[in-house]
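*Asks:* Under the heading disulfide bond, Swiss-Prot lists Cys38-Cys75, Cys149-Cys185, Cys233-Cys266, Cys332-Cys369, citing sequence analysis as support. What Swiss-Prot records for Asn57, Asn71, Asn97, Asn117, Asn175, Asn223, Asn230, Asn243, Asn276, Asn308, Asn318, Asn357 (among others) is N-linked glycosylation site, and it gives sequence analysis as the kind of evidence. According to Swiss-Prot, the region 'Second lumenal domain' annotation covers 230-376. Per Swiss-Prot, topological domain 'Lumenal' is recorded for 27-376, and the stated evidence type is sequence analysis. The topological domain 'Cytoplasmic' annotation in Swiss-Prot covers 401-411.
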Amino acid sequence: MRLLSPVTGSKLVLLFLFLGAVRSDALKLNLTDSKGTCLYAEWEMNFTITYEALKVNETVTITVPDKVTYNGSSCGDDKNGAKIMIQYGSTLSWAVNFTKEASQYFINNITLSYNTNDTKTFPGAVPKGILTVIIPVGSQLPLGVIFKCSSVLTFNLSPVVQHYWGIHLQAFVQNGTVSKHEQVCKEDKTATTVAPIIHTTVPSPTTTLTPTSIPVPTPTVGNYTISNGNATCLLATMGLQLNITEEKVPFIFNINPAITNFTGSCQPQTAQLRLNNSQIKYLDFIFAVKNEKRFYLKEVNVNMYLANGSAFHVSNNNLSFWDAPLGSSYMCNKEQVVSVSRTFQINTFNLKVQPFNVTKGEYSTAQDCSADEDNFLVPIAVGAALGGVLILVLLAYFIGLKRHHTGYEQF
């Protein structure tokens, strides 16, 4: 499928499918608890899926009807995220996750799974089985406001193009009543009509699954303190973003400190910080002492569940990050990447850590990550300076030699 830009000028936005205009029925979900409504959603969506057949790639558009099941949907609370889950028979399942932070909440990931064993929907498909695409959305919305968007919102993550429109959404509803205050999407503010338009052609095959056009928010910074008896022995402050590429499907997950537990331990030569929440069974950061003078991040272990329910675990005990002298802390305010394995990396933001020799529960003087860059640049600068001096000496020598030779000829 190739997506064309909306019609310019009048900005008309209409939705045309392969054989003409088709309208799907709106999906509606009103979850309640003891106070009343706790999650409200109404929207329409369809998916255009390219799948591998015997000799060529085929394309099918699935328009989701209103008669679906919502098993697994939940309202969430301050510690647990909200979730909308949809099942369309055995052909398709869809889910979106929400997390709450202070006075706002985030639409985290959209997960779509489709079953190519359904020969009616996917005739001639090879291979057969359940395939999953995960889109990290990262949209941020205020609490106490209903989000509305009549225009089409398109997520193009090969081999699936997803379209959403006619959206009315409020997660973490307060006081049991859907809000009358609205937040309208920017697409509606610039469009003169709200019916979505897409022109479709058969797409060229691709294996790229990286959602390069989808912004991911910066993670919230968390503070983690580990004690040994009555004394603080480990301090860590950082925003954490987990980047997973499993079977070419990207998964980006921001750790929310508000719903994350942590434990740890301190030994003379090693220290451990362990994080866990409803999705992460454990995420370990293990520090070690090097040459009795410095500390560094030696090991990272992770065991967690992806949005599609599959387990993911990676360990690496041969790392060398966040190196600093004992008695000091390590700090890096800019984004830094810890590559744990080919399929797993951790992006850190506003990092500060001290796993040894903590005094009075406070950070010691920090070694900044920019010092590492300075240490790298110093030899280059010294070498360049020496090279410049050598060039000047050679120039002076040749100039002197030329003058001496000229004087000899005149004599």
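One-based numbering along the chain as shown.
The backbone N, Cα and C atoms fix where each Cβ goes, and this holds for glycine too.
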*Asks:* Averaged across the topological domain 'Lumenal' (27-376), what pLDDT does the model get? Just tell me the whole number, please.
*Replies:* 86
*Asks:* Work through the recorded positions one by one (Cys149, Cys233, Cys266, Asn276) and name whichever has its CA nearest to the CA of Asn318 (N-linked glycosylation site).
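*Replies:* Result: the closest of the recorded positions to Asn318 (N-linked glycosylation site) is Cys266.
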*Asks:* Among the disulfide-bonded residues Cys38, Cys149, Cys185, whose Cβ has the fewest other Cβ atoms within 10 Å?
*Replies:* Cys185
*Asks:* Measuring CA to CA, name the entry from the recorded positions Cys38, Asn57, Asn175, Cys185, Asn230 that ends up nearest Cys266 (disulfide bond).
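*Replies:* Checked the recorded positions Cys38, Asn57, Asn175, Cys185, Asn230; minimum Cα distance to Cys266 (disulfide bond) goes to Asn230.
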*Asks:* Using a 10 angstroms cut-off on Cβ to Cβ distances, just flag whichever of Asn57, Asn97, Asn175, Asn230, Asn243 is the loneliest among these glycosylation sites.
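*Replies:* Comparing Cβ neighbour counts within 10 Å for the glycosylation sites Asn57, Asn97, Asn175, Asn230, Asn243 gives Asn230.
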*Asks:* In Å, rounded, how far does the Cα of Asn175 (N-linked glycosylation site) sit from the Cα of Asn243 (N-linked glycosylation site)?
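*Replies:* Their Cα atoms are separated by 36 Å.
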*Asks:* Determine the Cβ neighbour count for Cys266 (disulfide bond): the number of other Cβ atoms within 10 Å of its Cβ.
*Replies:* 20
*Asks:* Cβ distance under 8 Å to Asn71 (N-linked glycosylation site), same chain, sequence separation 6 or more: which residues?
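*Replies:* Within the chain, Asn71 (N-linked glycosylation site) has Cβ neighbours under 8 Å at Met85, Gln87.
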*Asks:* How does the region 'Second lumenal domain' (230-376) divide up by DSSP, counting helix, then strand, then coil residues?
*Replies:* 11 helix, 95 strand, 41 coil
*Asks:* Which secondary structure state does DSSP assign to Cys185 (disulfide bond), in the simple three-class scheme?
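*Replies:* Reduced to three states, the DSSP call for Cys185 (disulfide bond) is coil.
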*Asks:* Would you count the other C-beta atoms found within 10 angstroms of the C-beta of Asn276 (N-linked glycosylation site) for me?
*Replies:* 16
*Asks:* Anything within 10 Å of Asn357 (N-linked glycosylation site)? Look among the recorded positions Cys233, Asn276, Cys369, comparing CA atoms, and list what you find.
*Replies:* Cys233
*Asks:* Return the member of Asn57, Asn117, Asn223, Cys233, Cys332 nearest to Cys38 (disulfide bond) in space, with distance defined Cα to Cα and candidates limited to these recorded positions.
*Replies:* Asn223
*Asks:* I need the CA-to-CA distance for Asn230 (N-linked glycosylation site) versus Asn223 (N-linked glycosylation site), whole Å please.
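*Replies:* For Asn230 (N-linked glycosylation site) versus Asn223 (N-linked glycosylation site), the Cα atoms are 18 Å apart.
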*Asks:* For Cys75 (disulfide bond), which residues in the same chain are close in space, meaning a Cβ under 8 Å from its Cβ, but six or more apart along the sequence?
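*Replies:* Cys75 (disulfide bond) has long-range Cβ partners Leu31, Asp33, Cys38, Leu39, Ala82, Phe172.
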